[in-house]
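Visitor: Feature list, courtesy of TrEMBL:
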REPEAT    1-29  repeat 'NHL'
BINDING   3, 100  Zn(2+) binding site
BINDING   5  Ca(2+) binding site
DISULFID  49-70  disulfide bond
BINDING   69, 116  protein binding site
């Protein structure tokens, strides 16, 4: 079940599938990268659980995924799909509940998150 959609600076199409727990990258109509394991939810470096959105840096070197409905975090990968980092809120702040949409503001080095569960 497709959920999130993005187009990067090279006009590649990125799609999150909330039911399959995967991210797909398409170039010229061909699938060229898949993140996650088909129909296998999880919470580790190679699995998602009902992910919601994807965004790619302008230079294509970083992929950010909102793994929202179950895991409530943002995950960062390199351009080849190698896990780099997991983001969550600091312990002294309200935790992410359902990170639903993400936007990069690269000039300010910001990853902005719309959290459906928190209403922001």
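Glycine is no exception: its Cβ is also placed from the backbone N, Cα and C atoms.
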Visitor: Quick one: of 5, 49, 70, which of the recorded positions has the smallest count of other CB atoms within 10 A?
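Guide: Least crowded of the recorded positions 5, 49, 70, by Cβ count within 10 Å, is 5.
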Visitor: Near residue 3 (Zn(2+) binding site), which residues of its own chain have a C-beta under 8 A away, given they sit six or more steps off in sequence?
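Guide: Once residues fewer than 6 apart are set aside, residue 3 (Zn(2+) binding site) is near 16, 17, 18, 51, 52, 53.
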Visitor: Using Cβ atoms and a strict cutoff of less than 8 Å, what residues sit near the repeat 'NHL' (1-29) while being 6 or more residues removed from its termini?
Guide: 35-42, 47-56, 58-60, 63, 65-66, 69, 101
Visitor: Average the per-residue pLDDT over the repeat 'NHL' (1-29) and send me the rounded value.
Guide: 97
Visitor: Under 8 Å Cβ to Cβ from residue 69 (protein binding site), same chain, six or more residues apart: give me those in sequence order, or none if nothing qualifies.
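Guide: Sequence-distant Cβ neighbours: 18, 49, 50, 51, 52, 98.
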Visitor: Name the one residue among 5, 70, 116 whose Cα is closest in three-dimensional space to that of residue 100 (Zn(2+) binding site); these are the recorded positions.
Guide: 116
Visitor: According to DSSP, does residue 70 (disulfide bond) sit in a helix, a strand, or coil?
Guide: coil
Visitor: Looking only at 100, 116, which of these binding-site residues has the biggest number of Cβ atoms within 10 Å around its Cβ?
Guide: 100
Visitor: Cα distance, residue 116 (protein binding site) to residue 5 (Ca(2+) binding site), nearest Å?
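Guide: Answer for this pair: 17 Å between alpha carbons.
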Visitor: Determine, to the nearest whole angstrom, how far the Cα atom of residue 70 (disulfide bond) is from the Cα atom of residue 116 (protein binding site).
Guide: 13
Visitor: Going by DSSP, is residue 49 (disulfide bond) part of a helix, a strand, or coil?
Guide: coil
Visitor: Could you find out if DSSP has residue 116 (protein binding site) as helix, strand or coil?
Guide: coil
